[in-house]
Structures are given as structure tokens and as C-alpha cells.
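Swiss-Prot has this to say about the protein:
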{"type": "REGION", "residues": "1-246", "note": "region '2-C-methyl-D-erythritol 4-phosphate cytidylyltransferase'"}
{"type": "SITE", "residues": "R24", "note": "site 'Transition state stabilizer'"}
{"type": "SITE", "residues": "K33", "note": "site 'Transition state stabilizer'"}
{"type": "SITE", "residues": "R167", "note": "site 'Positions MEP for the nucleophilic attack'"}
{"type": "SITE", "residues": "K224", "note": "site 'Positions MEP for the nucleophilic attack'"}
{"type": "REGION", "residues": "247-405", "note": "region '2-C-methyl-D-erythritol 2,4-cyclodiphosphate synthase'"}
{"type": "BINDING", "residues": "D253, H255, H287", "note": "divalent metal cation binding site"}
{"type": "BINDING", "residues": "D253, V254, H255, H279, S280, D301, I302, G303, T377, T378, N379, E380, F384, R387", "note": "4-CDP-2-C-methyl-D-erythritol 2-phosphate binding site"}
{"type": "SITE", "residues": "H279", "note": "site 'Transition state stabilizer'"}
{"type": "SITE", "residues": "T378", "note": "site 'Transition state stabilizer'"}
Amino acid sequence: MLQMPSKQPISAGIVIVAAGRGERAGSPTEGPKQYRPIGGKPVIVHTLENFMTWEPATAIVVVIHPDDEALFAKAFRHIISATPIETVHGGPTRQRSVLAGLRYLKDKHVSHVLIHDAVRPFFDHTLLDRIAENLANGALAVLPAMPVTDTLKRADGAGTVLTTVSREQLFAAQTPQSFAFETILDAHEKAAASGRSDFTDDASIAEWLGIPVTIVEGTGDNVKLTVKKDIAMADDKLSASLLPDVRTGNGYDVHQLEAGDGVTLCGVFIPHDQKLKGHSDADVALHALTDALLATCGAGDIGDHFPPSDPQWKGAASRIFIEHAARIVRERGGTIMNADVSLIAEAPKVGPHREAMRANLSEYLGIDLERCSVKATTNETIGFVGRREGIAAIATATVVYRGRT
């Protein structure tokens, strides 16, 4: 609990309004905007994390749409919080959703409440402390707001300008809008009982009942993510500020040699008096590199995706496996930066085919040739490799995952 320089401390309940559908934020198949990723995490997680680390917050309730329970549960996996976080279902309007959250907090023994839009993730503790100081000093309602700086025009229904509106004493309201708890709960209950459902924010309900609302300075970053472009800009902003998430994966594979007419390594067929034994084409190099790529995002290994017991992969080209792994990496936000393969074999000689192998890796992975390396060494006639009983491969992949913490 944060003791302000005032006569009373603040014990704050937090209501996060997250029941909206976000029709203006793109295709419905993309999901509600509060669950879209920015900087590697859902919008709502960024919002919650700001409140979770604010000392006066003693209870947090997130008001969600009934259809979004699975989405919230998935987002909640990102969260470790000492402050209790609960959910309730919202109503058909923002006003009804807020009331549901307030009713939930009735037995949580909070003195004040901050009501915040889930899709405003860019507030900070300085703003919260400014609000709390005013509440602690006796304000019944506190509204963060910014002076209007754009020129405002009033137009008729046809889009013709009627007049220029003075900006003096005009403010753009933000959230969290904050109140003495019993005051705003009573105001919301009275609004519901009166049949009024047209209030667009909580300060308006306080104004309707004559409750004085104190304005404190908001922040320019505390914007509401409304349309698809807002979400893209927010993602760029956060991703640019994060340290790069560089991951390295390793892979190892070995295949036996048997009598045959050649081996396939990195997709290149090399004539030889032996061949590699395996369920697919036994390209030991690509198998090792496939595992290395999958390792960078914890996606298992090649056997999980292409089990040797599955007859459809009998004799399959290993290009299928490596391109599958590269696709998984990209779907999870990764950019492949480097691929390195070391082959351990007594024969055949790899040197004459190295550039063709590198070219294949470049094509399969969709990266520049200079980012692909193929090396070879013998085992100095030691062990199964030295006895020409098999070929081994060690691979390393470096992947940068964008927008992860």
C-alpha cells in the first residue's frame, strides 16, 4: 500500500474493461484487439503488467466478453502476479461492463477504484501516482486528460464546415478514470436504474449526478488502440525498444552407410560406392539442421513432426523437413540469421560440392548465401565414422525472434 502525502492512504481496486469486440481494428478472424500481440505479448498483458507492479493496487478484475474466456486464459499464461486477478463477464455496453466489475469489487474492501480501457497499454506509474495523490487528498473523481491541440470544426450532415470550435478549456479524456469506490458504484447503480445507457465514459456518469471531477494531466503516450493501424504502430514501438531475442539451436544426426551408389547431403546427390540408410532420403545434414531450427522455438524434433513409423515419409526428400521447420520458425516470429552444418565423414569428399550445398540451404531457408555455411572433416579413422560405417552431422542455427521479451 502506497502512503501518499495526505490524510488517507489509497487501497485501489482496478477494473480493466476488456469486453469489446473491436470491429474497427480489422478482420474478426484476427480476434478482439485487446488480445492482439504487440511487442510479443497481447495488448491486455501489457496493460495488466503496469497495474500489477503498482503498489496501491490490491485487487484487479478484468471484465471480458463471455466468448473470450479461452483468449484470456491463453494471454494469462504470460502473467505472474502477486496481486489477485479475477475475471467477470461484461454486458452489451461499456457502461454495463464497468458496473459488473464494480459489483465484483464490493467485498474487496477497496477505498478507491481505477477504471481503465484494456486497449490503453502505454500509461505509467507516474500517471497512476498523480491520480492517487488527488484521490488521497479527498477528490471524489479524477480524470486524466490532455488539452486539445488540433483545430476543431463543426460540420453539417453533408460535410460542410459550419464553424471553428474554440479549443479553450477543451480536453481529451483518457483512462484510468478514478473514483472513491462507493461514490462511483452508487452513481453507476443509479444510472442503470434510470435506464440511462448512453454514457461513453465513467466521468460522464459522475458529472450527471453533480459529482465534481478533477482533471489531472494525462500523457501523450496513453492512447487508445482503436484501428488496425494503431496496433501495428504499437507493435513497432514496443519491438524497437526490446533487446533482440537471439536464440541458437543445435542439432545432431547420424546415419549408417550401406552398399549403394551415392549419398545425399544438403540436398546434393554425391556419387559414391555407399549410400546412407534411413526411412527418408537419409540426408543427415538436413536432419541435423531441421532439429537445430526447431530447437530455437521449442518445437520438438524432426521425429515429432515426421515420425519414421509413418509410411508417407518413406524415401521423402529431406527438403520437405527443413522447409517445414523454417516455416514454423517464421510463424512464431523468427528470422533465420545463420545456418551452419559440419559433416563428419571419411568419404565421399564434400569440398567439390560445398557451394552447391550452400546454395541449397540458401534456397530452402530463404536467406542469403553468406549466411549459410557447410564444413566437413574426417574422424581420423577413429570410431564408426573412421571405419566408414556412417556419416554424422552437427548443425547450428541462429534465429532472432522479433518483439519478444
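Glycine too: its Cβ is placed from the backbone N, Cα and C atoms.
In the three-state DSSP classification, T378 (site 'Transition state stabilizer') falls within coil. Spatially, by CA atoms, the binding-site residues H255, S280, T377, N379 include one closest to K33 (site 'Transition state stabilizer'), and that is S280. Comparing T378 (site 'Transition state stabilizer') with F384 (4-CDP-2-C-methyl-D-erythritol 2-phosphate binding site), their Cα atoms are 11 Å apart once rounded. When secondary structure is read from DSSP and collapsed to three states, S280 (4-CDP-2-C-methyl-D-erythritol 2-phosphate binding site) falls in the coil class. Within 10 Å of the Cβ of T378 (site 'Transition state stabilizer') there are 14 other Cβ atoms, across all protein chains. Taking the Cα of H255 (divalent metal cation binding site) as the reference point, the closest of the recorded positions R167, K224, N379, F384 is F384.
Neighbour density at the Cβ, taken as the number of other Cβ atoms within 10 Å, is lowest among the recorded positions K33, H255 for H255. Most other Cβ atoms within 10 A: among the binding-site residues S280, T377, N379, that distinction falls to S280. Just so you know, the Cβ of F384 (4-CDP-2-C-methyl-D-erythritol 2-phosphate binding site) picks up 14 other Cβ atoms within 10 Å once every protein chain is counted.
A C-beta separation below 8 Å, combined with a sequence spacing of at least six in one chain, links H287 (divalent metal cation binding site) to G251, D253, H255, I302, S318, F321, A393. The Cβ of R167 (site 'Positions MEP for the nucleophilic attack') lies under 8 Å from the Cβ of P147, V148, T149, D150, T151, L152, each of which sits 6+ residues away along the same chain.
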